[in-house]
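S.K.: Input: one structure, supplied below.
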Amino acid sequence: IFMEHKKIYFERVRANDREYNEKFQYASNCIMTSKYNIITFLPVNLFEQFQEVANTYFLFLLILQLIPQISSLSWFTTIVPLVLVLSITAVKDATDDYFRHKSDNQVNNRQSQVLIGGILQKEKWMNVRVGDIIKLENNQFVAADLLLLSSSEPHGLCYIETAELDGETNMKVRQSLSVTSELGDPNNLARFDGEVVCEPPNNKLDRFCGTLYWKDCKYPLSNQNMLLRGCVLRNTESCYGLVIFAGPDTKLMQNSGRTKFKRTSIDRLMNTLVLWIFGFLVCMGVILAIGNAVWEKEVGALFQSFLPWDPTVDNFLFSAFLSFWSYVIILNTVVPISLYVSVEVIRLGHSYFINWDRRMFCSRSNTAAEARTTTLNEELGQVEYIFSDKTGTLTQNIMIFNKCSINSHAYGEEQHMAPLGFSAWNPLADRDFCFYDQSLLEAVMVGEPAVHEFFRVLSLCHTVMSEEKSEGELLYKAQSPDEGALVTAARNFGFVFRSRTPGTVTTQELGKAVTYTLLAILDFNNIRKRMSVIVRNPEGRIRLYCKGADIVLFERLHSCSHELMNITSDHLNEYAGDGLRTLAVAYRDLSEEQWEEWSERFRGADKATDCRDDRLAAAYEEIEQDMMLLGATAIEDKLQEGVPETIAILSLANIKIWVLTGDKQETAVNIGYSCKMLTDDMTEIFIVNGHTVQSVREELRYNADVCPICPSNNP
């Protein structure tokens, strides 16, 4: 649907109404990642193969040999090796594409339960249509981009794993709208006729903007209500979803792109060499043709009586022209078409060597290396830069609460002592949790207000879900290991997160059950670098709790926290120097009037259909001001085994490595030394802190001038 005055495209989907949705000609749920089909294989594959210079040359040579006036060799001598080379390559390409077709068919023929006429029927994925309602069961892949309608979990919650989308194995929480969460029965869902108006298909995995219209009301939709194709349902018995995008319109396929024809550096080198050889051949032909012209003019004319020219040749220049092409044919073996065959055979052998390499065999998973393409060896040899994430790639992504700073006191420095025993006074403690500083436990037990408030923030300000299978056995399901580590720390020090509903959070504080009213969650994102919750305690006091990166939190503190901020900054720099991940913790008291005023603006921003994210960000920014600092946390994430050795070997191969991290600068430098990206031999390390392209360019040029071993001024 196109709105002329706003120039905005929308997509409209009505539940349980295929006839209505088909008017818009939405894509089916069938996907295709293959390059060819039976009809297009021959022309497309030949087009790709004739991009090889040698193949094009021999095709041209074949055409020349079909001209009897200039051909001195049979055309069989050229067509046989050419067809052989083309056939071998075509068979290889067809085999690769066959496996793509096989994978596509396997995905398209997966079974899904679709609600048709009030009855759940099994349908292939390829037959699922936009507007259908699908039932998913635990450990099933999501068939299309779905709007979550209801779940077997309380309050319409479900858990998904997004490893196929973003590589993260941490479970994420999705929640349905409260108005649809009760539609768990197929009969109720069959009568659901809500209509979704949303943005058109795009490749932004973390963003969705739409509105549900149902029963004369409208409800804003966000990414928290969506299940994307490629996700896997985890720890949830079942859920129902409405198909919004299908097949090539899903965010997974929008990010996939088309299969491209790749050319390796060896192919480019061979093409260049063949062009030079062809140039040499042309030069030889020109020289010999000139010699023919001179001989025909000076000597050949004397032998016209018994060595006459062909009837079509009437002068020595035309004779030389025909001779040029004859010499090109005669000297065709100068251009090595067999080189391409030899290289293909070598590539095949190298791919088998990779498969057979015992040093690349993983004994833990009993898995050998597998070269999926014959050109893998030379493609690896072309690698000049490696761009790597840090968390979960260089590190184990197992977070351990290591140290903390509370109200200017540092805790956790005594790492050489025996771990504390929490079970004796806290039956809900996690037995795997280790902490070594007795003074922090004593501060909790004597009732220091700042320490209690610090752990209260950790037990409330998060998105962790709790599962209690039996009394006292808590299992935390965290979207981020950082959150899991912080909530577990609060749990062991007596502030136990027990459960949550959409409107409440229940904790057990030093043995006493406390239920807080959850007024608002101010979500974390990479721009905000913080998250907050606003809660009302049983006494009626409203308080905002916030945790986030110190650089953004310190800017929003009340002026009376200035002295504490300086002391905490010193502690944070110490922790960062040890390679620990740090967060600052703060709070703000709100009056009833302040809350009512802000909540009205917040609800307006949340229900907005245009620029919703910007309006929410502005509302968050308004309330997250004048906070009181409590302290900071420090979490350890250990390196994976073999990371320093691997990076050292890659550096010997002259491969440049970039690592992406959201840590503090000091933490990043420390990790750089730990994983051997930075070494003591690097005496001229410099840091660029520019925030614009121009400032970064100027800093790079300055450092290049100051440091003679740095790269040239060309940034």
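Heads up, the Cβ atoms here are built off N, Cα and C, so glycines get one too.
As annotated by TrEMBL, active site, 4-aspartylphosphate intermediate applies to ASP389. TrEMBL lists ASP389, THR391 with the feature Mg(2+) binding site. Annotation source TrEMBL lists ATP binding site at ASP389, LYS390, THR391, GLU483, PHE524, LYS547, ARG581, THR661, GLY662, ASP663. Annotation comment: TrEMBL describes 13-79 as domain 'P-type ATPase N-terminal'. Residues or ranges marked as transmembrane segment in TrEMBL: 73-91, 273-295, 315-341.
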S.K.: What Cα-Cα separation, expressed in whole Å, is found between ARG581 (ATP binding site) and THR391 (Mg(2+) binding site)?
M.R.: 11
S.K.: For the domain 'P-type ATPase N-terminal' (13-79), report the average pLDDT of the model, please.
M.R.: 83
S.K.: Taking the residues ASP389, LYS390, THR391, GLU483, PHE524, LYS547, ARG581, THR661, GLY662, ASP663 listed for ATP, what is the greatest CA to CA distance in Å, to the nearest whole number?
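M.R.: Looking at ASP389, LYS390, THR391, GLU483, PHE524, LYS547, ARG581, THR661, GLY662, ASP663 as a set, their Cα atoms extend up to 23 Å apart.
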S.K.: From the DSSP assignment alone, can you count helix, strand and coil residues within the domain 'P-type ATPase N-terminal' (13-79)?
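M.R.: Going through the domain 'P-type ATPase N-terminal' (13-79) residue by residue, I get 33 helix, 2 strand, 32 coil.
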S.K.: Roughly how many angstrom lie between the C-alpha atoms of PHE524 (ATP binding site) and ASP389 (active site, 4-aspartylphosphate intermediate)?
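M.R.: Computed Cα spacing between PHE524 (ATP binding site) and ASP389 (active site, 4-aspartylphosphate intermediate) is 19 Å.
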S.K.: Can you tell which of the recorded positions (ASP389, PHE524) has the fewest other C-beta atoms within 10 angstroms of its C-beta?
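M.R.: Candidates: the recorded positions ASP389, PHE524. Fewest Cβ atoms within 10 Å: ASP389.
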S.K.: Using the alpha carbons only, what distance in Å do you get between GLY662 (ATP binding site) and THR391 (Mg(2+) binding site) once rounded?
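M.R.: GLY662 (ATP binding site) to THR391 (Mg(2+) binding site), Cα-Cα distance: 9 Å.
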S.K.: Report the same-chain neighbours of THR391 (Mg(2+) binding site): residues 6+ apart in sequence with Cβ closer than 8 Å to its Cβ, ordered by sequence.
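M.R.: Counting only residues 6 or more apart in sequence, the Cβ neighbours of THR391 (Mg(2+) binding site) under 8 Å are ASN397, ASP637, THR661.
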S.K.: Among ARG581, GLY662, all listed as binding-site residues, which has the most CB atoms within 10 Å of its CB?
M.R.: ARG581
